[in-house]
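Engineer: One structure, pasted below without further comment.
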Amino acid sequence: MLLRLYNTKTKSLSEVKNFSDIKVYACGPTVYNYAHIGNFRTYIFEDLLIKSLRLLKYNVNYAMNITDIGHLTGEFDEGEDKVVKAARERGLTVYEISRFFTEAFFCDCEKLNIVRPDKVLIASEYIASMIEVIKVLEQNGFTYFVNGNVYFDTSLFKSYGQMAGINLNDFEFSSVSRVEVDPSKKNKSDFVLWFTNSKFKDQEMKWDSPWGFGYPSWHLECAAMNLDCFRSTLDIHLGGVDHIGVHHINEIAIAECYLNRMWCDIFVHGEFLIMEDEKMSKSNNNFITIQDLETNGFSPLDFRYFCLTAHYRTQLKFTFNNLRACKVARKNMLNKLTAVFSSLNQFDLLLLSKNYENIESVLEKRYYDSFLEKIAFDLSIPQALALLWDIIKDDNLSALSKLRLTFKFDEVLSLGLKEGVFREIEKDRINIDDAMNSLLEERRLAKIRKDFKRADEIREYFYSKGFVLIDTEEGTKVKRG
């Protein structure tokens, strides 16, 4: 089954046709602070895409960058390096800051069940590749050097800004109008490829280059690391909608002028998580971290469930009330699945351990195919989540089928359902001592001779000790009350 995704370049759905080697790149974090839940909404959407591709039998090569240099506080080459600024404020070196927040990022990803990329590209480790890209662009006539910086001349790249619908004649710095336009530029839309000592003298991370001792721009980093990692073209590029109007159109300009051909087929962008009608932003001091959620009594997977309730191309409004509702929903789902699991016999438990494809069931397969159709249609995850609830509630499905489908779907949804069910089962497991076993046997015999008073007395005794007796066809089960 082919995956279709909304392609920002074409403003339409594009089919992902190459099953054998899909090259996917995602813009990763700038490691100067903790990633916030607005960032993680994007990373969760990207995680859902990677896992959907794999469930649909695509062979995926997935890379993500870590920006530890060159990402300025202004998007248009203005301001100072975010990592340097954070290091100065905390009294640490830039290397200490970037290492600490890189580890913190992947720790949070693990809590959210976000898969680690096949390749993690650290920007400061690819300086040679970045210099090589500038050299080729320079040879091809796309750069100019002024006031100590190497600029990309956007007027020479005829399709510059097309993905964002930008007309160079009308180009304005609307998102940062408070910033004075650099008078060194030939065109307003030109951007820096390499900064030297002429700017930001406190920059700690610098390297020698043919243009002077300096450091690369954020836009160059992503393009150069892509080209180094995948050696040529890219199938899918991922990021947030805030990347469309500056970062990604600059990446396209660099890569296509370097390759002298089209670089990336499909660009996919996730929408904002908003708070009080504004996007969540570290620069606006308007953000919540995963640690903040945990402090307030939420599991990171409650937040993941929350993100699954909205399509990745729609804005999602965050409130703690909404998150609380998702916490309750996920808990209810786990409780229902735990009850289903408790009803399995030993033969079902054995079958549950087998691969999904080995068991035939018409209704089960219908649900499975429906799930694939939903994720294959532009990641219709809210509909896939609703389908999971339908499965849990469907009395025509056996307990075995419900669990097999749920655990298979959770390979994409990643709500920790299998692990959660096993934890609940383990919590309910009771170590019965000899005295309790004797009482259970006494109660069994009392019921046979219809001494229900004694049977109820024993039930009440267990209840007073924090246990509940559940009578089934297979005998009496003991659970914690």
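FYI, residue positions are counted from 1 along the chain as it appears here.
From the backbone N, Cα and C atoms, a Cβ is placed for every residue, glycine too.
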Engineer: Record says CYS27, HIS247, GLU251 bind Zn(2+). Source is Swiss-Prot. Which of CYS222, CYS229, CYS307, CYS326 does it list for that same site?
Structural biologist: CYS222
Engineer: Which range is it, out of 74-78, 279-283, 354-358, that shows up in Swiss-Prot as motif ''KMSKS' region'?
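Structural biologist: In Swiss-Prot, the motif ''KMSKS' region' feature sits at 279-283.
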Engineer: Would you mind telling me which of 29-39, 205-215, 359-369 Swiss-Prot tags as motif ''HIGH' region'?
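Structural biologist: Swiss-Prot lists motif ''HIGH' region' for residues 29-39.
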Engineer: Given the recorded Zn(2+) site (CYS27, CYS222, HIS247, GLU251), which additional residues of the same chain have their Cβ within 8 Å of the Cβ centre, ordered by sequence?
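Structural biologist: Other same-chain residues with Cβ inside the cutoff are ASN65, TRP218, HIS219, GLU221, ALA223, HIS237, GLY239, HIS243, HIS248, ASN250.
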Engineer: By a 10 A CB contact count over all chains shown, which of the binding-site residues listed here is most packed: CYS27, CYS222?
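Structural biologist: Of the binding-site residues CYS27, CYS222, the highest Cβ count within 10 Å belongs to CYS222.
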Engineer: Let's check the environment of HIS247 (Zn(2+) binding site): how many other CB atoms sit within 10 Å of its CB?
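Structural biologist: Other Cβ atoms found within 10 Å: 20.
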